[in-house]
Amino acid sequence: MADSAELLEIDGSVLEGGGQILRNAIALASLLGRPVQICRIRAGRDKPGLKAQHNAGIQLLLQIVKADCCGCQRDSQTVTFRPPPAGAGSVSAIAGGDYSEDIGTAGSVCLLVQAALPVLAFADSPSLLSLRGGTNVDFAPPAEHFTGTLAPLLESTLGLRFRLSLARRGFYPRGGGQLALEVTPAPRGAPLAPIRLLDPGQLVRVTGVAHACGAIPARVAQQMASAARQLLLTALGSNTDPTAFSVDIVVDKSSQSVGNGCGISLTAHSSTGCLLGANAIGRRGVPAHDVAAEAVNQLLADVKRGVCIDVHTQDQLVIFMALAEGESAIRVGPLTLHTRTAVHVAEMLTGVKFSVSEDTTKPGKTDGDGEGNCVLSCRGLGLKRD
Ligand SMILES: Nc1ncnc2c1ncn2[C@@H]1O[C@H](COP(=O)(O)OP(=O)(O)OP(=O)(O)O)[C@@H](O)[C@H]1O
């Protein structure tokens with residue numbers, strides 16, 4: 001790791017080149033007390049620079065960390081973020097408390113959680129965040145991916161304690177959904193435990209939620225849930241216990257959600273405690289059956305690969321692997337571009353080195369995509385507060 005007072009320049013256009021670089025960079029900078037300048041932010045996207053969701057993520061961290069920030073406004077392509085310095089080997093002063101942020105568009109509230117959660121995990125007291133924006137939108141985790149897959153996974157592996165409550169769903173284009181995040185920080189002097197997920201085990205059950213909100217008829221949620229159960233039973237064989245698949249149906253009237261939307265989110269539970277998530281959002285003209293099939297096919301692809309986490313969760317664990325103490329190791333499918341980007345940013349800021357080795361238990365090609373599984377590992381910083 002370079003001198004912690006030196007401004008670290010991060011090219012926001014590399015690899016995936018999206019908002020994730022910014023979120024991970026400012027979260028790690030906040031924890032490590034490390035000034036960073038992120039330039040060429042989202043340079044490769046149609047509309048480069050900070051969109052409402054990215055700016056809201058910075059504003060949220062500015063409340064929590066009391067950093068100085070330059071270029072923190074919509075459309076800015078360069079942000080300089082100077083948090084208060086941290087003592088060697090320990091975290092910067094992070095104040096727990098009540099915070100709120102309203103994206104003002106359908107930008108994803110889950111991506112605000114992505115930015116804030118690693119930081120609040122090391123706060124000096126518990127925190128409660130009230131977040132407004134999109135809860136079930138394209139190209140971001142739906143709220144149910146967090147509640148059903150990511151939250152239980154982070155709790156069972158890292159020992160990180162937090163609770164997400166979805167008060168109101170909000171959809172594109174209005175947003176307006178409400179998500180609350182309560183975080184109980186790691187105790188003083190205690191680092192996060194390493195993430196070790198190497199044995200995919202056997203599939204024991206699939207849980208999920210199918211929702212239909214606003215003007216979308218209730219039958220759409222029912223059709224998605226029953227199609228998902230049927231597709232899973234067909235794919236996994238008639239000997240499978242049908243009670244192993246349960247998809248809850250949520251129907252919100254217009255007064256209970258903002259806008260109209262539907263979708264399905266599934267979690268596969270393995271005998272070894274692995275959780276794999278998959279989801280799909282309903283679109284106009286796409287039958288409920290096909291939306292369910294999209295989520296089921298994603299889920300089955302990961303189950304058949306014999307991996308321990310799903311394709312979307314991969315990149316979201318990287319920052320925690322870098323912060324945890326000791327050797328984290330996870331059996332994954334081919335690394336996504338998001339994962340490689342998260343590794344790049346984590347290595348730059350923390351000095352932790354990640355390695356990727358071929359999965360010797362399941363070598364060779366899988367599922368015809370030309371790439372095999374691998375084990376992603378690192379020895380984390382073991383960050384803790386004094
Ligand atoms: N369907 C999904 N389920 C779960 N997680 C998802 C899903 N789609 C995307 N994600 C996650 O959401 C994050 C999206 O990051 P990304 O940088 O692409 O988005 P962004 O901040 O909106 O920026 P940009 O607009 O530049 O793409 C990643 O962590 C990705 O793994």
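Glycine too: its Cβ is placed from the backbone N, Cα and C atoms.
In TrEMBL, annotation is done automatically, which means it is predicted and not curated.
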TrEMBL has His312, Thr313, Gln314, Asp315, Gln316 binding ATP. Which one of Gln114, Gln178, Gln202, Gln222 is in the same site?
Gln114
For the domain 'RNA 3'-terminal phosphate cyclase insert' (198-303), what is the mean per-residue pLDDT, to the nearest integer?
94
Residues within 8 Å of the Gln114, His312, Thr313, Gln314, Asp315, Gln316 Cβ centre (excluding the ATP site residues themselves):
Pro141, Leu150, Leu317, Val318, His338, Thr339, Ala342
Under a three-state reading of DSSP, tell me whether His312 (ATP binding site) is helix, strand or coil.
coil
Candidate nearest His338 (active site, tele-AMP-histidine intermediate) in space, where candidates are the binding-site residues His312, Thr313, Gln314, Asp315 and distance is Cα-Cα:
Asp315
Other CB atoms, at most 10 A from the CB of His338 (active site, tele-AMP-histidine intermediate):
19
